[in-house]
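Residues or ranges marked as transmembrane segment by Swiss-Prot: 24-44, 50-70, 531-551, 572-592, 613-633, 671-691, 704-724, 735-755. Under the heading active site, Swiss-Prot lists ASP136, ASP460.
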Amino acid sequence: MADSSSSLHPLCERISHKSYVLRAVDLTILGLLYSLLLYRILHISENDNVWLLAFFCESCFSLVWLIFTCLKWSPAEDIPYINTLNERVHDLPSLDMFVPTADTVRESPIITVNTVLSLLAVNYPANKLACYVSDDGCSPLTYFSLKEASKFVKIWAPFCKKYNVRVRAPFRYFLNPLVATDDSVFSKDWKMMKREYVKLCRKVEDATGDSHWLDADDDFEAFSNTKPNDHSTIVKVVWENKGGVGDEKEVPHLVYISREKRPNYLHHYKTGAMNFLLRVSGLMTNAPYTLNVDCDMYANEPDVVRQAMCVFLQNSKNSNHCAFVQFPQKFYDSYTNELAVLQSILGRGVAGIQGPFYIGTGCFHTRRVMYGLSSDDLEDNGNISQVATREFLAEDSLVRKYGNSKELVKSVVDALQRKSNPQKSLANLIEAAQEVGHCHYEYQTSWGNLGWMYDSVAEDINTSVGIHLRGWTSSFISPDPPAFIGSTPTLGLEAIVQQRRWATGAIEVLFNKQSPFMGMFHGKIKFRQRLAYFWALMCLRSIPELIYCLLPAYCLLHDSALFPKGPCLCTIVTLVGMHCLYSLWQFMSLGFSVQSWYVVQSLWRIIATSSWLFSIQDIILKLLGISQIGFVIAKKTIPETKSVYESKPSQGEDDVPKLNLGKFEFDSSGLFIPGTFIMLVNLAALAGYLVRLQRSSCSHGGGGSGLAEACGCILVVMLFLPFLKGLFEHGKYSIPLSTLSKAAFLTVLFVFFCVGK
């Protein structure tokens, strides 16, 4: 409850980041793009079909920049004031935390354990928290790991709170050696904690290779004769906070769940697991707010829950319409600098409109909104209107929407009416929780239209569109240090496959019933917010990106002109130079190096001509009914923690492990053929150009192709440098012969086509 007599200082404040200088730069680049288009239109009759292709590509790039400029026009973010929250709010609301995992091979249990430990140790009343771990692979190893983690957290959570530890994921905290200190008690506790964590890691590692413990413990009987895609519902209360005394009261509820899966039933991948988490948590604790994080995304800021509550508890009409609070994804490894920059720019941009997208992790949701409420269903005081009461709370409507579980229906009514459930023993609710996990439970209900949305492998964007279409807003908080930090796949197939899934899911959203296109005719989504979701269509840029990467080579081989001659060439030079300097400044302003900027520019081109290109193929095959789109789990890893007796060079607490920046891993997947083909074509064109220069240093030939086109080829080769390096590397960093031979065959065909014309 808030103290009305306290200061009127807000719990959070929306800060605008408008910059007239950046607006001027954006508009200047846009003006240069359209001046180039105008030049091509005026001179199109003097040139061949190459100019038509160039005009098409540059029109697409201009449209993308126009939309991006609109989205960046009024950037903003919410700044929470935790001290004000601590002063004014004495009875904090409850929170249910969701951690989904699905594959113990690609998502190691110790990764999930670290995420869970970081959540259980946040600075928030333990009796107000509950952590639910969904295991879609029904692995006894995951359950075993959580049982061991529940023992460790009883000493870990008190240790973190006693010494105000900031990074509460043990693997990350213990990467650094013990700093010399005069506090002998802390040193003793630190060494003891690290020993216990190393023991925990060894137990999980030993259990991975030896399953004898499965037969020795009756608690694992439910896992006998189970398969990842064929098993019954399992709900296990790993730890229940019953108050108690001492350190035990510092540990929130911890529940393991695995929904029923059968081969002949749709299970909707991660989206179905999230809806099961929503139902089970509604039955057991029914907190008004939920948090979901991926199993590798640990809480890096112990006050993150309080930061989100500053937005939800802000006493204003506008905050009553905030459906979710989204924190940006930040990573400690690999190639994801481009995500950090994109989220910083696009996240703040849409925060100034209707709010950021839900990005699938690091997000706090309002339970009532996930149950299907629209913003118009609420009165100014936050209560449900009479019209909405008749619509939502009628008995037949409740069963039709939420299923035939009486216990769940009652919990839904309580959540919609903002009633707190009386505390019950979690063990007494296991049977009801198992019921809502049956694979047929959602049949002929509204699940998938409420909760997390189905019909797309990108459940985050799909759900986000549905929420904004109902008139809700969302909040963007980007604290320093980051609230959540995770790992990503290494550069190569894992990264490209992940980007392919994201791109495919984004395009799916634009063709299903939650499409922002439909929001033009119904729904309460703002125009610029629709443009933000149309940004998902940038995946379609793969076609003009591919064409534009080949055009300079085509012109050199065909002896024709791609770029204007004389003074008009300055437009393109200015445009390219200005865009490069602008993007470089954006990277460096966020603390990234020039090398990181170059790697990201290269990666964008590789993703555009591989992941995005194949995502279009996936969508076409789905629309034709030829194949369905699967959900591919990216493999995640964390650095190994050494024992307390092993030494390591000292590094600051904020240091993070760095992978080989820009080092690309290849295999025989067809995803690498386009990039290899582009690189070989441009090398062939440059070789032909050099031969022609030797033969005639004074003439470029009839069409006038020359230095500008050669510079274009050099730029493309620089952007696809990982593929050039792959020709000379060994092992996993080398392009396989099968991929190279296919790309070489396509290159020969392309060269003959150009020369023949």
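Every residue gets a Cβ built from N, Cα and C, even glycine.
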May I ask which of the stretches 50-70, 704-724, 735-755 has the most CB pairs under 8 A with the transmembrane segment (531-551)?
50-70
Where does ASP460 (active site) sit by DSSP, helix, strand or coil?
helix
Can you tell me which of 50-70, 671-691, 704-724, 735-755 gets the most C-beta pairs within less than 8 Å of the transmembrane segment (24-44)?
50-70
Who are the long-range neighbours of the transmembrane segment (704-724) in its own chain, taking Cβ under 8 Å and residues 6 or more past its ends?
491, 549, 551-553, 555-556, 558-563, 565, 569, 572, 601-602, 605-606, 662-664, 672, 675-676, 678-679, 682-683, 685-686, 689, 735
Using a Cβ-Cβ cut-off of under 8 Å, list the residues of the same chain that are 6+ residues beyond the ends of the transmembrane segment (50-70) and lie near it.
26-27, 29-30, 33-34, 36-37, 40-41, 43-44, 346, 528, 531, 534-535, 538, 540-541, 543-545, 547-548, 551, 554-555, 558, 560-562
Return only the integer: C-alpha distance in Å from ASP460 (active site) to ASP136 (active site).
18
By Cβ distance under 8 Å, which residues at least 6 away from the ends of the transmembrane segment (671-691) in the same chain are close to it?
493, 496-497, 500, 546, 549-550, 552-554, 556-557, 606, 609-611, 613-614, 709-710, 713-714, 716-717, 720, 722-724, 726, 735, 739-740, 742-744, 746-747, 750-751
